[in-house]
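I have placed the structure first, in the form of structure tokens, so that the comments after it can refer back to it.
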Amino acid sequence: MPIPADWPTTEAEALAEQERLRPLVRPTSAPDDGPGGAPDDRLIAGVDVAYDDERDLVVAAAVVLDRVTLAVVEEATATGRIAFPYIPGLLAFRELPAVLDALAALTHRPGTVVCDGYGLAHPRRLGLASHLGVLTGLRTLGVAKTPFTFDHREPGPERGDWTPLTDPATGEEVGRAVRTRQGVKPVFVSVGHRIGLTEAVEATLALTPRYRLPETTRHADSLCRRALTALAATGAPTDVN
DNA sequence: GCGACAG
DNA sequence: ATCTTGTCGC
């Protein structure tokens, strides 16, 4: 699918779109308000993207797991042109078009989607995860690998230990630095849409029985990278759309 | 103006 | 994100 015709092109348009969507975020548990039928709460999905800046290509992956067994239930990918430059605070405009296509390619409708990045922990409270949640109606949360512009103290050493992630501009808790495994750096969890912070942390811990990053993120990351490599090896022609 | 800055 | 060697550890 091509990038939507009304997708923001300039920084000013993107900022205005964030202002428009921000009040639509549900930062606590809330019933599904999106189209597309009832989601399956037994399923949880992970999404991620890989880029080929040379060819202006982006490949997104969506992987659905059984939230109890963590077994892979379904995988989907989508390829497109890069929709926006990388600007801190505007990451969603770069990644979401391809991510939406990958999610649309799934036959299952997962109850929750885990994003690589932030949700409410964002300068304007509309990070990638929250933005995706508002656009799809799905429950979302963000799990990021670095603290971005936020402050935090070092969590305790045990799996499950955490400290508040705070916005230095306002002092409010926007997420949590969570130790998912003993001996690893913490990950940064924040609310996306239709979920509370405690639940978001619980979901993250349920997805990290063995590694620092959620199984959803690991599978999606692996899949979009493989798909990008495969595309480079075969579809040499740069025409995707 | 300069530096920092999810991926 | 992506570019990259060797290295430490399970």
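If you go along the chain as it appears here, the first residue is 1 and each next one adds 1.
Keep in mind that glycine also has a Cβ here, set from the backbone N, Cα and C atoms.
In terms of DSSP secondary structure, the region 'Disordered' (A:18-39) contains 7 helix, 0 strand, 15 coil. Taken from TrEMBL, the feature region 'Disordered' covers A:18-39 (among others).
Taking a C-beta cut-off of under 8 Å and a sequence gap of six or more, A:ASP48 (Mg(2+) binding site) has these contacts in its own chain: A:ALA60, A:ALA61, A:ASP116, A:THR217, A:ALA220, A:ASP221, A:LEU223, A:CYS224. What TrEMBL records for A:ASP48, A:ASP116 is Mg(2+) binding site.
Residues or ranges marked as site 'Interaction with target DNA' in TrEMBL: A:TYR86. A C-beta separation below 8 Å, combined with a sequence spacing of at least six in one chain, links A:TYR86 (site 'Interaction with target DNA') to A:ARG94.
Taken from TrEMBL, the feature region 'Disordered' covers A:149-168 (among others). Remote same-chain partners of the region 'Disordered' (A:149-168), defined as residues 6 or more beyond its termini with a Cβ less than 8 Å from a stretch Cβ, comprise 88, 121, 123, 174-183, 186, 188-190, 201, 205, 208.
For A:150-161, the entry in TrEMBL reads compositional bias 'Basic and acidic residues'.
Of all the Cβ atoms in the protein chains shown, 23 others lie within 10 Å of the Cβ of A:ASP116 (Mg(2+) binding site).
Here the region 'Disordered' (A:149-168) has, by DSSP, the following mix of helix, strand and coil residues: 0 helix, 6 strand, 14 coil. DSSP assigns A:ASP48 (Mg(2+) binding site) to a strand.
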